[in-house]
Structure formats: C-alpha cells, structure tokens
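The feature active site, proton acceptor is assigned by TrEMBL to A:E423. Marked as FAD binding site by TrEMBL: A:T137, A:G176. The feature domain 'Acyl-CoA oxidase C-alpha1' is assigned by TrEMBL to A:277-438. According to TrEMBL, the feature domain 'Acyl-CoA oxidase C-terminal' maps to A:479-655.
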Number of protein chains: 2
Amino acid sequence: MEVDHLADERSKAQFDVEEMKIVWAGSRHAFQVSDRIARLVASDPAFQKDHRARLGRKELFKNTLRKAAYAWKRINELRLTEEEASRLRFFVDEPAFTDLHWGMFVPAIKGQGTEEQQQKWLPLAHKMQIIGCYAQTELGHGSNVQGLETTATFDPQTDEFIIHSPTLTSSKWWPGGLGKVATHGVIYARLLTNGQEHGVHGFIVQIRSLDDHLPLPGITVGDIGIKFGSGAYNTMDNGVLRFDQVRIPRNQMLMRVSQVTREGKVVQSDVPRQLVYGTMVFVRKTIVGDASNALSRAVCIATRYSAVRRQFGSQKGGLETQVIDYKTQQNRLFPLLASAYAFRVVGEWMEWLYTDVTQRLKANDFSTLPEVHACTAGLKSLTTSATADGIEECRKLCGGHGYLHSSGLPELFAVYVPACTYEGDNIVLLLQVARFLMKTVSQLGSGKKAVGTTAYMGRVEQLMQCRCDVQNAEDWLKPSIVMEAFEARATRMSVACARNLSKFGNQEEGFLELSADLVEVAVAHCQLIVVSKFIEKLQQDIPGKGVKNQLENLCSVYALNILHKHLGDFLSTGCITPMQASLANDQLRSLYSQVRPNAVALVDAFNYTDHFLSSILGRYDGNVYPKLYEDAWKDPLNDSIVPDGFHEYVQPILKQQLRNAKL
Amino acid sequence: MEVDHLADERSKAQFDVEEMKIVWAGSRHAFQVSDRIARLVASDPAFQKDHRARLGRKELFKNTLRKAAYAWKRINELRLTEEEASRLRFFVDEPAFTDLHWGMFVPAIKGQGTEEQQQKWLPLAHKMQIIGCYAQTELGHGSNVQGLETTATFDPQTDEFIIHSPTLTSSKWWPGGLGKVATHGVIYARLLTNGQEHGVHGFIVQIRSLDDHLPLPGITVGDIGIKFGSGAYNTMDNGVLRFDQVRIPRNQMLMRVSQVTREGKVVQSDVPRQLVYGTMVFVRKTIVGDASNALSRAVCIATRYSAVRRQFGSQKGGLETQVIDYKTQQNRLFPLLASAYAFRVVGEWMEWLYTDVTQRLKANDFSTLPEVHACTAGLKSLTTSATADGIEECRKLCGGHGYLHSSGLPELFAVYVPACTYEGDNIVLLLQVARFLMKTVSQLGSGKKAVGTTAYMGRVEQLMQCRCDVQNAEDWLKPSIVMEAFEARATRMSVACARNLSKFGNQEEGFLELSADLVEVAVAHCQLIVVSKFIEKLQQDIPGKGVKNQLENLCSVYALNILHKHLGDFLSTGCITPMQASLANDQLRSLYSQVRPNAVALVDAFNYTDHFLSSILGRYDGNVYPKLYEDAWKDPLNDSIVPDGFHEYVQPILKQQLRNAKL
Ligand SMILES: Cc1cc2nc3c(=O)[nH]c(=O)nc-3n(C[C@H](O)[C@H](O)[C@H](O)COP(=O)(O)OP(=O)(O)OC[C@H]3O[C@@H](n4cnc5c(N)ncnc54)[C@H](O)[C@@H]3O)c2cc1C
Ligand SMILES: Cc1cc2nc3c(=O)[nH]c(=O)nc-3n(C[C@H](O)[C@H](O)[C@H](O)COP(=O)(O)OP(=O)(O)OC[C@H]3O[C@@H](n4cnc5c(N)ncnc54)[C@H](O)[C@@H]3O)c2cc1C
Ligand SMILES: [Ca+2]
C-alpha cells in the first residue's frame, strides 16, 4: 500500500463517512450495488479509459464499440439485473450508442407504442437484436419540435407511410447512435394524410440492413463530425439522416395515442395524451441525478487537490497553507459541494414524484401535471446550468494543473455541457416555468388552489407582507426563516412580474418584452424548490454519527450562498434588510469553517473509484505530484527527444537557412 | 459571389461600419495593417487551420512547427515591420513556441538584463538563432513565486552558478516552448551564495544543444502532455524540466537590478527594482487586448448565427422568429457585445498607461506604481474572467450547433480559459487589488492623495452620502449619474470592508477571514474603472455617422447590465433605491431594442475574416446550413459507410453471437 497523503484530512472528519455513503447512494442496497459494480469496472483492464484523448476519432469510436460489446457480454455473463447493468454503464463512463438505445429508444416505444407494438419491438430491443436511436432534432429545428420538416405521408394504396426529407434543413441532425450504429430509429415527422397535416408524430423506421449494415434504399446517413473536447462526447456517433421517399408499413407509426386507420383517417385512442408526461418526468429525473453525479465528481477532484495543494503562508520554513484553507477557495468550492448534495436530494425527491405521477396517470388524475411539468423543467434547467458552471469553477480552483487533460476536469466539462441544451434548452425551459407561474399568480384570486411546489403561493397575502425575523447570524440557520425568505422572494418577484405584464395590452407581447425578468422569476422559484426539498429531507430521521449535522450545514451553505448571489432579488423586494444580508454572510463564513474539516470526507462519501474519477488531481491517496510527473512522459510527443518536424522546420530557422527551405 | 444571407441585417445598420472598424482597430493605420495582414493570412493555404482537430498530437505539433517556420519565412520575405509581424502571428491563430519567445523571453531579457546582456542575447533572439522560453512555474509552485525551489548556487571557484532541481516539486512545469523546442530559457531560481539565500532571480540557461537539439548534460526535459480541447493549446509544447547540477557562467544571471560579484557578494545596482513593473504593465495590457479579441470573436459568431437561426413564432406559415429577436437572447448576448467594446477601450487606455508609466520610470517617479499595479492586476482579472464565461455563454446561445467543433466556439473556449490562470491567478490578483484598496482607504484621513483610478476615493465624504438622482429611466443614460452610482458603490463597499477589518486584532487574520468580501470590493472597483474609461472615451470626438451613438448605447448596456447583475451591492449600500433599479432595467430593455438593428454591423466592425473566425455558424455570409451539412462528411468516421469495429463488436450483438466473440 502507498501512503495516504490525505489521511490527516480523513481523520479530522466529524461524522460517519460510511453512513454518509448510504445517504448519498439513496439506500444501503443501492450503495452495495454501486460499490460492487464500480469495483468490477475499475478492476477490469478492458474498461481502461485514461488513453482516450490520445486516440484519433476512428480509433476512439472503435474502442467505444469494443467497450460497449464487452459491457454487454459481461452483463449477460454475470446475469446482472437491470439496476446493476445500468450502474455498469454508468461506471464505464463513456457516451455510447447504448445510452440512446436504452435511454430514449426503448422508453419512446414503451411510452408511445401500442400493446402490439411493444410486444413486437421491445423483445428485439431488449436483446439488442435491433439497436435504436431517437431522431427528433433536425438541422433547422431543435427547440421548436412543432416546426420539424420531415414528412410522413400516408399512402392508402399500399398502406404505407412515405418518410421524406423535403429540404436540407429537414435533415435529421444530432441523434446519438444514428451516425454509424443504429439499425432503427424513432423518427419524428409531420403526419400527412388525405392532403391534411396532423402535427408531429413518432415512427419506427429501419435505417440499416440487419445483414450488411448498409443504409436501406433512400437513406443517406452519417456522422456529423467532431464535437467539444478531445475524448468527451466524440465517442458518440451523433448522426445526420436524410430520407428520399422511404416507405414503412402503417403499423410502424407509434399509435398509442393517435392512430391512422387503413383509410388514412386520424383518430384518437382512449389513452390520454398526457401519458407522455410520465416519460418526460422519467427522463428529467435522470438528468437531475446526472447533474449531481457530474458536479460531485468535479467537486471531489477540486476538494482533494485543494487539500493537497499548498501555496503561500509558510511560516519559518514550515509547510505552506493548504489552498482549501483560503476563504476565497472555500467560498467558491463549498457552495458547489453543497449543490452536489442538494441536487442529490432533489433527484431523490423526483423519484418519488415520478412514482406519484405514474400512479395518478393510471387513475386518470391529471390535476398535478402542469405543475409537475413546470417543476421538472425548471429543475432540469437549474441543476444542469449550475453543474456546467460548477465543473469549470472546479477546474479553475485547481490553478494551472486543472488545465491538464489528466486533471479529468476539461473532459468532464466538455462531455457535460450539452446537458444545458438537449432535452430542452435551459432558457426555453425557464420560460415555460415562468409562463406557468404567471398563470398560477393570475388564478390566485379565482379560488384555484396552487398545488405541489407552488403551494406556497396560496399564502400570497402573508408572503407579500412578512418581515424577516433575523436578528443575529445564527437565526439564518433556522429552516423556517430561510424558507420564508425564499418563498417571499419568489412570490414577490412573481407578483411584480405579473403586474408589469398586465400593463401590456397584448399579454403575449408583454411576455416577450419582459422575458428576461420572467426567467429570473423562474430561477427564484426553482431555487426555492431545491432549498425546500433539502430542508424537508432534513426533517427525516437520518442515522449515523454526525451525518445529519453535516447535511444541515450543507443545506445552509446552499441557501445562504444563493441568497448572497441573488441579493438584489431579496433586497429589492424588501424580503430582508441589508443588515440581515450582512448577518447571512457572517453565518456563511462560519459555516465554511464547520465544513472545512469535513470536506475531504464529504467527497469520500461519493465513493468514487480512481478509475471513475480518472483524475490525477483527484486521486484518493492525494499522491498528485509523482503521478503528474510520470504521466507527462506518456505523451506521444515524448516518444522521441527531438520532435518530428524539428529538422525540417526549426533547424533551418536556428541556422538562418530558412530562405532555401521548402515549407 | 454567393448570396449574403445577412444582407438584410446589414442594411438595417444605423451607423458607418467602416468608421467603426477604425475605432475598433484603434487608428486608420492600425486598421489598414490589420486588414491587409488578415487577408494575406486568410488567402494563403499554408495557414489553413480547420483540420486541426483531426490531427493526433504529434501531427498537430509538427504542423504548428511548419506554420511557425513558414510565418517566419514570410515575415522575412515580405520585410514586415514588427507591428505587421505581430499581426501576422495573431491572425495565424495558433499557439506556438514563438509566442513565448517574443512575448516573454525577449521582454524578460530587455527588462531584467544589463546593457551587456542585452547586447549579447537580444540580437541572437531577434534573429531566432536561439529560441527562448520563460520558465518560472514549477510542479509545486505557481502563484507563490517566492516559494520556487530550483536553486542557483554560486560557485566562486569556477565563477559559475550551479542550477539544480532539489525535489520533484521543483521541476519546472508549464513553460510554453520548453517541452520540445526552446534552446534557451529564462529560468527562475533561488539564489544561494556564501551559504546565504537571496530570493528568486532569473538566469539565462541553455537547455538544448544548438547542434543536434539534444538536452545538454544534466538536463531532463519533455512535454507535460495533453491539455483542454482537441486542437486548442495542444499546439504548444508546455514543458517539464529538471536540472542535475547544471553549470552556467556567472554573467548569465539577469543582473540589471541585483548583481553577484566575482566574490559571490550580492549587490544592488543603481537601477531601481521598480523597473520590472514596466514589463508587467506591458504584459497585462496585451492580455486585456487579447480578452477583447477573444470575446469579440465569440460574440461575432453568436450574433451572426442568432440572426440566421429562426425558431418558433411563425405566423400563418411565414418565417419563424430570428432568435436574436428574443429578449432573453438579447439579454445574454448584447452585454457581451458591449463588454467586447468596453474591453477594447480599456485596452487602448492601458496603452496610454504603459507609455505614462515608462516615462515616469525614466524620470525616477515611482509614485503611481502601486496604483498602476493594482489597476492592471484587477483589469487582467476582470476582463479574462468575463471573457472566459462570455465565450461559453456565446456557445450556449448557439443551441445544439454551438457544441459542434465546427462552430469554432469549443476550441475558442478551450484555448482561452488558461488566461484566467496564467500571469496571475485571477483570485490571487483580486486579493492584491483589495489589499491596495484597503491601504488607500486607511490613508484617506492622513492627507495622502488617492491617485489615478482610485482618485474618486478622495471624495469619500460626498460618495458616502450622495443620493442617486434618477427619477425616470432615461436618467440612467447620463454619464454623471452612472459614474456616481458606481463610485459610491465601490467606495461604500471599500469603507465597509475596512471597518470590518479594523474589528480584527490582527489585520492579516482579518484579511484572510474577510477575503471573499474583499474580492467583491476589488471587482466593484475594477468594474468602475471599465465604466469610467468607456465614458471618458465618449467624451472625445468620434467621427463617422452614428458611430458615437452606438458606442454610447454599448457603454450604457455595459454599465446597466453590471448594475443589474450586482444589484445587491448597490442596494445594500443604499447607492440606489429598488425603484431606481427597476428603472435601470427598463432602460436596459429599451437599449437592447436600439442595439438590435445594429448588432450584425457592430460585429462586422471587428473585421474578422472567415479564416480567422473558423466558424461555420459565424460565416460572414450566414450560409450556415449547407456548410454544416458539407462539413459533416469530412469526418474520418465517414470514410467508410460501415464503421471500423462493426464486424467485431456490433454484428455479434445483433446476431446474438456475443458469447463466443473475443473482445
Ligand atoms: C450532444 C447532443 C446530443 C443530442 N442528442 C440528440 C438526440 O439523441 N436526439 C435528438 O433528436 N436530438 C438530440 N440533440 C439535439 C438537442 O435536443 C437540441 O440541440 C436541443 O433541443 C436545442 O435545440 P436547438 O439546437 O434547436 O437550439 P435553438 O432552439 O436553435 O437555440 C438557439 C438559441 O435560441 C434560443 N431560443 C430558441 N427558442 C427560443 C424562444 N422561444 N425564446 C427565447 N429564446 C429561444 C435558445 O435559448 C438558444 O439560446 C442533441 C444535442 C446535443 C448537443
Ligand atoms: C496554458 C498555461 C501556460 C502557462 N505558461 C507558462 C509559462 O510559459 N511559463 C511559466 O513559468 N508558467 C506558465 N504557466 C503557469 C502559470 O503561470 C501558473 O499556473 C499560474 O501562475 C497559477 O499558479 P498555480 O498553477 O500554482 O495555481 P495555484 O496557486 O496552485 O492555485 C490553486 C488555487 O489556489 C488558490 N490560491 C493560491 N494562492 C492563494 C492565496 N494566497 N489566497 C487565496 N487563494 C489562493 C487559487 O486562487 C486557485 O484557486 C502556464 C499555465 C498554463 C495553464
Ligand atoms: Ca416574520
């Protein structure tokens, strides 16, 4: 065993790390599964990943195909459960066509396919006898799904749909797995029948031959090229696809909700359209969970390295100060640590929400759907934006060394950032939230009850008038005080915006004109949700020495940091006074001191293996410098002492012979 | 000629774009040089750069060597002036060893070398008969330069210094050009003579043989490996370097300020140490200029694409809304456009500051130095942080397509972000600014005059009490009102912080404890500098129809956006009221409407060629979709229809033959 350079830090922790691991994982069972599968992946050389950035695109992609096949083989050999298989894919940590197959193609068929369709396609998909992708976005349309241009025209003569790309901008563009691998796709297209348009629907379309993998007649398909980063998302074959009058049988339109009859008539089934919301909540809870995964990973690296890194402050030749001891470092790092935990808690709550929604849908109770839609849209936006920014902040917190690929942070950023764009552009989503909030406010008088995460608006009178009771810094630790401040802020901003909107003759115009303010209202509401879910979690019993206390500190850090960052909101609405703001700041500083001795243990609780982190700066043992040094020599540039090109290009300069050189 | 898809936008502009180009370039002469050199580079196939991400590290690096040699050849063939040569390197747009040679090695010798040393080394460097790097940072020390561990021990027996790396962490780490190319370096080491330590000094050390380019005896040197991004900064050979008792003649210590005599005594020359500040101001003005270059480039891409991209809002089958017409898009994009212009103006002012400082130094007037040091440190920090964040925001503003490498934005981000770290970590710099501000505040009573950019603090009494006069939205367009609000905010925050500091028994402890607040004070001060320099610029005569008016709008956008983002500062210090804040917001919205028709022309004024931008989304002609589509097919993954690895890894899954496959 090597020395643990962070042993000292670990011994300082004031709580039971093993119990915190269980809180983080969600349950003892989840922890055990994760722990076992993480070790399995980490110990298998086939899953090695630290050489990715040294591979060209083709090799990189081939290597991903190899891993995906190997993972599938192991899943079958070890007879892993669905839960275990999904953990395995998570720890393999490489975007691949399988993500879309399992994460989008299968759920789309489950959610939108009829019983027969499910019976036909799901067994094939489950055995991976077909590989599917999810092809919605086009070159010209992403956010505006209703604007998609691909057409699916019903031909009553042959009982088929003709799938066609009428314009260049109608080319499908972005779908993962489409570029090189998928045999099938759920393709979204504008339904045309009897000369009439019927909006956008999903169709199962075979793309490639199951014999020789060549594109079927009428289909042009390929990869859209390199994306952000060197490894990152380039292991994925995001694709481009054009249809030239491609025919598919009528029964390959996903017909759970709308159906096209043999005659070409569009009829609605008795299944409510709202069913799609179930899938949406499912996808969004996964995204929020992924946000806490990605952010915690970055925070784990930055925290460990900040404890290893020493700079300045040496007294009489002693050791220098660990940079984690600088308040500026804490002020940047600890709110991110707190956010990682906060998003974890919210993700867990969304599991509950999903179950709740599913049950209600079964009982034909759609009353909570608009609220759930707004809430999950907002949480997707909030958590992914904060995570993307947070990863980059963690990289900066590591100084120069954070810029090295081997820190793990550049690639983590590059692979993560599209989460702010896919499954709904974050700004477009916040505008939807705002629209819902404005509607909620406008109905407050009408007796319609604000439900779920907007329930607080039912107390609008109180919240418009309440005064914050904080008199000393510790008052800010009281959940009721924090809740009231956040609720009052969100309410007052909503009401103010609604008032400004009402000054416009045309509501829609007003909405467009004030949309920047509306986005801020949405953010205030979403931050309140996170704070309130964190606080609710702390009302439960949480076992383990000191565990709950740590979570309380993190919850307060999360809330008070937001309060500080958005102070303008709180002050301009009169929710708190400048003096109370200053007390909140004092309290935040003192919380940092309480988090400090526990910081390394709090990131240990994520239970990440060194394989998964793939960061020299984030190594569990803190043995950073020798490993950085070793790693440098592996770069291909170091294969030779004198670099390729020296004799042609540098020597002639040095020897002043450039004029004659051929370049 | 192809169609100009942005012609409509261009025809809407309300100002003389050609005159704005001159404002942007700084002068008619500067514009003409830039324009000519940019076309020269763009039209020369040897400078092609759009294939960079497809090259492996070795090929990439070799390609950079080729370009650098070719550039040098052209510079000589065309007898370019220094100004032209530097523009050429700028438009070649590829980090290379030459950046450090010209940007750090030569200036270090100029700034720190004696007359004789300059006479010996500069001609060699100017002809590139030697190639130099700047080797300060070590594995263990970056920010804390005084903590460097490399030693330079004087040996009186041989009249030499022995350069040595006593520990692993003393390995030089990061210097650009060091890894594979530099023959020499200015190496910073701890001077030891007669058993005594004399702090860190610079030494000219030969690293590689001028004959065969092999490292000299006792030297271990190599590249530190891959960094952020795929092309980006990986064209640079940032290096690692270890010395095993390497001897250099005594006259290779840079002795302009301190000298070591033949006997090994350290003596100070009559040249003041403050001279180093001259170089520092020079480097920082370059960095601020680079910030405006990088940010304007990102903004140019995002603005043009936002005018091309249409999404939602189609009425009766007409065209959809250009996304640049959405207020949320404007609220994210236009402040960045304004910042690009603001940083340009500040960079220009810093040219003046540099001249001023240089003249003062010559006249032995050091009075302004501490203020200049603080001001330039702060501006470096402010502009680089805002630019790094701004580039990523521009990428997000382009939706999914911004994530493509061919958008140009991912690589621009990856290559830019280290500017937040090198030449002083941005937080460490802000702490220095804060320290200076606290000193300034503490001396206000003592009769010592606050100078330069802190002069406003001389009016502390007034600024502590003044009340903002804004009564309607347009009042926020008055420079005097904006200035007062920003000055009052910075002053009140400084004074409040100073008061809090004075409550600590130990000032140093107080400084550490309150450092997060202190950073905010520094930011407030630096933002004021930018606003005030922009306003000063507008007091000059600026020719060209509508040009000044556009700049006034941008200046107001810059200031009012900051006011909104940092509203907590302004409200908590009572500088403005919530009602006035709300009026500022109204004014900001109306400014956006004024900027909107000019947006495309305002980025045209940067005069960037498509070669330089290297962004399909930012193409001058707006012909985005066909070009994205064409470009996709160039990816190596599209070389074959069935991808490498399909038969080994995917086929067996589809055919359920995985169990027998060897993976
Ligand atoms: C890595 C990655 C993987 C993907 N995988 C898939 C996949 O598997 N399948 C698939 O179908 N798609 C996929 N996509 C596509 C993705 O879903 C879209 O990119 C996403 O929906 C955003 O749409 P867009 O690109 O059209 O952005 P746009 O809508 O063009 O956004 C551009 C800008 O306009 C703004 N904007 C747009 N509309 C409005 C409005 N109404 N009001 C105010 N502002 C507005 C946005 O905020 C943004 O700033 C993927 C994308 C990426 C990056
Ligand atoms: C692309 C690139 C090129 C470079 N080129 C060169 C070159 O040519 N030559 C060369 O010599 N060097 C070079 N460098 C090195 C660069 O100068 C250093 O990385 C930089 O000075 C930052 O120092 P650091 O890495 O030690 O950061 P650290 O000081 O280790 O910073 C880590 C964290 O600690 C914090 N911190 C540190 N000290 C304090 C404090 N006192 N108070 C509060 N917080 C603190 C920082 O804010 C940061 O968050 C380069 C670096 C990069 C990334
Ligand atoms: Ca109260």
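In case you wondered, yes, glycine gets a Cβ from its N, Cα and C as well.
Any TrEMBL annotation is an automated prediction that lacks curation.
Features per TrEMBL, on structure.
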residue: A:T137; record: FAD binding site; Cβ within 10 Å: 21
residue: A:G176; record: FAD binding site; Cβ within 10 Å: 25
residue: A:E423; record: active site, proton acceptor; Cβ within 10 Å: 19
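In sequence order, A:T137 are the recorded positions among A:T137, A:G176, A:E423 whose C-beta falls under 8 Å from a C-beta of chain B. Across the structure, A:G176 (FAD binding site) and the residue listed as 'active site, proton acceptor' are spaced 13 Å apart at their Cα atoms.
The residue listed as 'active site, proton acceptor' and A:T137 (FAD binding site) are 10 Å apart (CA-CA, integer value). Look at A:E423 (active site, proton acceptor): DSSP puts it in coil. Computed over the domain 'Acyl-CoA oxidase C-terminal' (A:479-655), the whole-number mean pLDDT of the model equals 98.
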